[in-house]
Amino acid sequence: MAYRLLRALFRGLFRVTIDGVTDQFKHEKLIITPNHVSFLDGALLALFLPIKPVFAVYTSITDTWYMRWLKPYVDFVALDPTNPMAIKHLVRMVEQGRPVVIFPEGRITVTGSLMKIYDGAAFVAAKSGAAVVPIRLDGPEFTHFGRLQGVLKTRWFPKISIHVLPATTIPMPQAPRSRERRVLAGEHLHTIMMAARMATVPRETLFEALLSAQTRYGRFKPCIEDVSFKEDSYQTLLKKTLGVSRILQRFTVPGEHVGMLLPNATITAAAIFGASLRGRIPALLNYTSGAKGLQSAIIAASLKTIVTSRQFLEKGKLTHLPEQVNEVNWVYLEDLKDTVTLTDKLWILFHLCFPRRAMLPQQADDSALILFTSGSEGNPKGVVHSHASLLANVEQIRTIADFTPRDRFMSSLPLFHAFGLTVGLFTPLMTGSRVFLYPSPLHYRVVPELVYDRNCTVLFGTSTFLGNYARFAHPYDFARVRYVVAGAEKLAESTKQIWQDKFGIRILEGYGVTECAPVVAINVPMAAKVNTVGRILPGMEARLINVPGIAQGGRLQLRGPNIMRGYLRVENPGVLEQPSAENAQGELDANWYDTGDIVTLDEQGFCAIRGRVKRFAKLAGEMVSLESVEQLAISLSPEGQHAAAAKTDSAKGEALVLFTTDSEITRERLIKVARENGVPELAVPRDIRVVKALPLLGSGKPDFVTLGKMAQDPEMSV
């Protein structure tokens, strides 16, 4: 009777629902592993699961007053973490057929993300051979029984959902020592718990996700700021979004690709969400690519309109672009302010109260946004992402990193790059964190000062940018920073060292590609390994394809929820080319993406980048990584600029060419460094050319197309 009354009370107050594979509880040996978000979790599971399980509870909790009050109603076993026999007792209970609930985190979350996973539950599952049923609890964290007051917008009776995931097993790992087996089993369970989080993420559009964040963290929660130093709340950002959307629909149609040439600013975020909610697909244009790059993007994405700002064009010295690129309609935001009518204002006011009614019908799998590749190996390609792929990458990041609304992001990487867009805009907005948008990562003195002034805790950048910030920053500028992540290029040893020595901060290296929205792997404090880019993100499948001539590693191919919808190419304008990759048998597999990168994956799943397939030279039948050649030069001259290319050679097929800004680099010095590092002499170039500067793309990456031409033609210069 008491159970029925409590169940009815909870269902009435919290609108509790349970979904998923509820017949999973029929296994003979069963362990249930829920996430832990509040003090209500145990009561919810006891009341709503179709079985009566035993709860494994730490002795520090069993002695509390409320556990003594619950003892007549809930079956639990005291678990002493200091007693090794406690695990054996649990194993015996499972083997006897008693379903056991173990909270693998061991404590209630204080971040909203997964906490540390204890390996005890995993070892019990592996030892007993029990089925493991992960459960995802959503909603109790918003109650006053959680530990996220001040982090989330708490309320008395939020809706609670209990998601039951399919059962799985944890095989006993193969390792010589018991301690190693426990650790490996724990990592397996951590993977299961991360997959459970990813499996229960709601399928939303970008605009719906923004509204969900507003509900979750509060409409008046400050969320975004730019160089105007006026911080906007979710409500103010929504108002600007609705305003831009209302104006954009006058000169565009639903489904149209709309070019956007805008800086890192709040209005850019409003333009992206505003276009999206009215069914337009923003194409974020690289303003450093010049007229030629813009024309390629216009052709590939079939653009008719480009939205920009007169002030931005003037400050960026880009006023020549509208004259040189005159095949599209240029729309200036400044000109649109005076066109807002009373009807528009009333429309905005109404939809501030009912924002979901402003959105045109859309699905999560519909095209949401177009980004463009850097063009380092040919014409830039349009990369079309869906709402689902972009938001999946955000959730993958949030699953492994403990970002909270207490964090402040410094976002100086351009929003037209996937790295800047996903980690610098979407991730903080969907996490409730504050973000400061700065228009240029090249202001090496200003960015550290702003990090200090705005109390930023999260900083993303390339190795080059981070190295320069460290050179000009005061030792106290990064005192509050807890996450520094490097991506887009290999992290230089000198950059890593100066951050450690000057600020006491470990840079975490990551890896991504535009086609994956972009993050593929990342080191985080909970799982980091030196000289790797971290583990592949949860929800992604990875496979390595053998490349003839390359002994270590293989060509990385990926599949997952964050993979793009497809390419838009200059050669086939407006036609979406869906992703596919050639498997080991030479057959094309749909929905796989071939990164073109040679990587190795160790036994713990950590990924190390060896180079790009296109950046290997074949010398007398041997494959030599051009990046390894560049690393030799960097070790000799960390401050210089170096890039390697290949040229045709009648004797060996191809020969190496090193371009460098350091005139003191010689073949003899390179040979010495190569011997010290165990690099074969074959990887030391004979042709060393000193240049004033390397040819660079707008992204700051070397222009390998131009370098390849320079390698073939000794007379050609930058």
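Including glycine, each Cβ sits where the backbone N, Cα and C put it.
Feature annotation from Swiss-Prot assigns region 'Acyltransferase' to 15-138. On the 0 to 100 pLDDT scale, the model's mean across the region 'Acyltransferase' (15-138) is 81.
If you look up Swiss-Prot, you'll see His36 marked as active site. Around the Cβ of His36 (active site), the same chain contributes Phe103, Glu105, Gly106, Arg107, Ile108, Thr109, Met115, each under 8 angstroms and 6 or more positions distant in sequence.
According to Swiss-Prot, the feature region 'AMP-binding' maps to 233-646.
The transmembrane segment annotation in Swiss-Prot covers 258-277 (among others).
Positions annotated as transmembrane segment by Swiss-Prot: 409-433 (among others). Tertiary proximity for the transmembrane segment (409-433) is limited to same-chain residues at least six positions away from its ends with a CB under 8 Å from its CB atoms, namely 151-152, 206, 209-210, 213, 216-217, 221, 223-224, 262, 264, 268-269, 272, 284-288, 369, 371-372, 383, 390-391, 393-394, 397-398, 403, 439-441, 443, 447, 450-451, 454, 456-462, 465, 485, 487-488, 512-514, 517-519, 699.
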